[in-house]
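Straight from TrEMBL, the features:
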type    : residues                                             : note
DOMAIN  : 7-150                                                : domain 'Aspartate/ornithine carbamoyltransferase carbamoyl-P binding'
BINDING : ARG59, THR60, ARG109, HIS137, GLN140, GLY265, PRO266 : carbamoyl phosphate binding site
BINDING : LYS87, ARG170, ARG224                                : L-aspartate binding site
DOMAIN  : 157-303                                              : domain 'Aspartate/ornithine carbamoyltransferase Asp/Orn-binding'
Amino acid sequence: MQELSVRHLLGIKDITANDIQLIFETADNFKDVLNRPIKKVPSLRDITIANVFFENSTRTRLSFELAEKRLSADVINFSSSGSSVKKGETLLDTVNNILAMKVDMIVMRHSSPGAPHFLSRHIDANIVNAGDGTHEHPTQALLDSFSIREKLGDVAGKKVVIIGDILHSRVALSNIFALQKLGAEVMVCGPVTLLPKYIKELGVKVELDVRKALEWCDVANVLRIQLERQQMKYFPSLREYTLYYGIDKKMLDSLDKEIVLMHPGPINRGVELSSDAADSHHSIILNQVENGVAIRMAVLYLLASKQ
Ligand code: CP
């Protein structure tokens, strides 16, 4: 059996193109399973997984939980709100107490960049990063590239623009690493205040004009403005952001070419995307969500064999 080169999935930066291809091939098989009347396999029977979420989530938390249940794992869910974290318990104490209950794998979302990397130096269980602050969101990038591959046949050679709040986005960084490892050309587009100063060092193109970016690309991955992470004003108002960077269906239709529209969710309808764009034939947003379950099944299955 082929194996991943890592025993934790902390970020796309740490894995190889071969790892990504192995995850995709494994996810292809699990996607077949998910389309059967009985959507469950016994692959992770006797494995216990804790989903440990210190930050809000809808898609990632539910998708991991469903992936674990489809693999027949035992699952426990921890949310920091309502927990003893509120009484001052540390991250490491919290996780060590969960592991004392004979848990084998930890799926963790945390607001601090590097939190899962810190844990990986102190515990033996496999760790999957479900988003660490503004740093990485590896399973989101995997499901995004998997969805491009499904829609366009391959990721290599495709032109992908990531539009919006690049500065505060873990989805952007993980997508840049994944797309480049798979041979895509990557552009970022947004107001200059929402582009990190180091961005060109990552080997991406930079475009400030959203119309030009859309004309260049095969795929547009549109991101939310992350107001909850912004400590200062990066643009005058949401209304002005929408005026210059908002995308609607009329704009997409006027490009006179096929374009694939993506968004990791949650969408702020009427800000970065109009409803008629988000729900148009250009959009594969719900396909991304569907593919997330197969991708997370593949990641958990492959990591479990590295115990
Ligand atoms: N895409 C994503 O991470 O969504 P959630 O925050 O709802 O998990």
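Each position is counted from 1, following the chain as shown.
Placed from the backbone N, Cα and C atoms, the Cβ positions cover glycine too.
Nobody curates TrEMBL annotations by hand; they come from automatic prediction.
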CB contacts for GLN140 (carbamoyl phosphate binding site) [other CB atoms within 10 A, all chains]: 26
Annotated binding-site residues ARG59, THR60, LYS87, filtered by Cβ under 6 Å to ligand 1: ARG59, THR60
LYS87, ARG170, ARG224 screened against HIS137 (carbamoyl phosphate binding site), Cα within 10 Å - retained binding-site residues: ARG170
Spatial neighbours, same chain, of PRO266 (carbamoyl phosphate binding site) - Cβ under 8 Å, 6+ residues apart: THR58, ARG59, ARG224
Remaining residues near the recorded carbamoyl phosphate site, that is with C-beta within 8 Å of the centroid of the site residues ARG59, THR60, ARG109, HIS137, GLN140, GLY265, PRO266: SER57, THR58, ALA130, GLY131, VAL171, PRO264
Average pLDDT across the domain 'Aspartate/ornithine carbamoyltransferase Asp/Orn-binding' (157-303), rounded to a whole number: 95
Per DSSP, three-state class assigned to ARG109 (carbamoyl phosphate binding site): strand
Residue among the binding-site residues ARG59, ARG224 whose Cβ has the most other Cβ atoms within 10 Å: ARG224
Neighbour tally for HIS137 (carbamoyl phosphate binding site), based on other Cβ positions within 10 Å of its Cβ: 27
Which same-chain residues, if any, lie at least 6 apart from THR60 (carbamoyl phosphate binding site) yet have Cβ under 8 Å of it: ARG109, ALA130, GLY131, HIS137, THR139, GLN140, GLY292
Alpha-carbon spacing, ARG170 (L-aspartate binding site) to GLY265 (carbamoyl phosphate binding site), which is rounded to whole Å: 13
Fewest other C-beta atoms within 10 angstroms, as judged across LYS87, ARG170, which are the binding-site residues: LYS87
Collapsed DSSP category at ARG170 (L-aspartate binding site): helix
